[in-house]
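What Swiss-Prot records for this protein:
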type     : residues : note
SIGNAL   : 1-17     : signal peptide
DISULFID : 39-118   : disulfide bond
SITE     : 50       : site 'Transition state stabilizer'
DISULFID : 65-79    : disulfide bond
SITE     : 130      : site 'Transition state stabilizer'
DISULFID : 180-187  : disulfide bond
ACT_SITE : 184      : active site
């Protein structure tokens, strides 16, 4: 069986293991507070994992958003998912950047919007699974001025963990926190999906506290 077949089969198997209410909840997890709302002190940009619906997904993105609002104040944080050309399809995982350029461009648009619409906002970001590669590649390519406005990044099930040596190249390591669960094969340079890859919701609160600490420095 090919690696791609294992990846697809793994996702299918895990989907069957997800309780029905959770599957139903996946249908509408979106947040567009940067695009549609007022400027806030902090802007959280998140890229979901492959096959997740909405622009925030379900596994971890919404949890980090809600925890960050709890820690800093709901009126202080704008949460924005990466949508548009980032459709979270499976195939881009097999490309050299573990995602495609269109997805990276979609995320870049959100960072650019935060910078131009809300020049005083502090930007934090996160990504899960393929979304971790989207955010990783996006931040690497940001101009120095905009990159300096990104105060913290959290990555879950980091598909480029080995390739990028546990960090985002060209971005401060102390402003990055990577979550790789024991048994998550995605973090060790494979695309084999195991149950551990679905556990990152448990890390949402810790990730939010990390991001909150960075915007308060």
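Here the Cβ of each residue, glycine as well, is placed from N, Cα and C on the backbone.
A map of Swiss-Prot features onto the structure.
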| residue | record | Cβ contacts under 8 Å, 6 or more apart |
| --- | --- | --- |
| 39 | disulfide bond | 78, 117, 118, 120, 121 |
| 65 | disulfide bond | 31, 44, 46, 56, 77, 79 |
| 130 | site 'Transition state stabilizer' | 47, 49, 50, 88, 92, 93, 98, 99, 103, 159 |
| 180 | disulfide bond | 157, 158, 161, 187 |
| 184 | active site | 157, 194, 196, 197, 199 |
Fewest Cβ neighbours within 10 Å, where candidates are the disulfide-bonded residues 79, 118, 187: 118
All-chain count of other Cβ atoms within 10 Å of residue 50 (site 'Transition state stabilizer'): 24
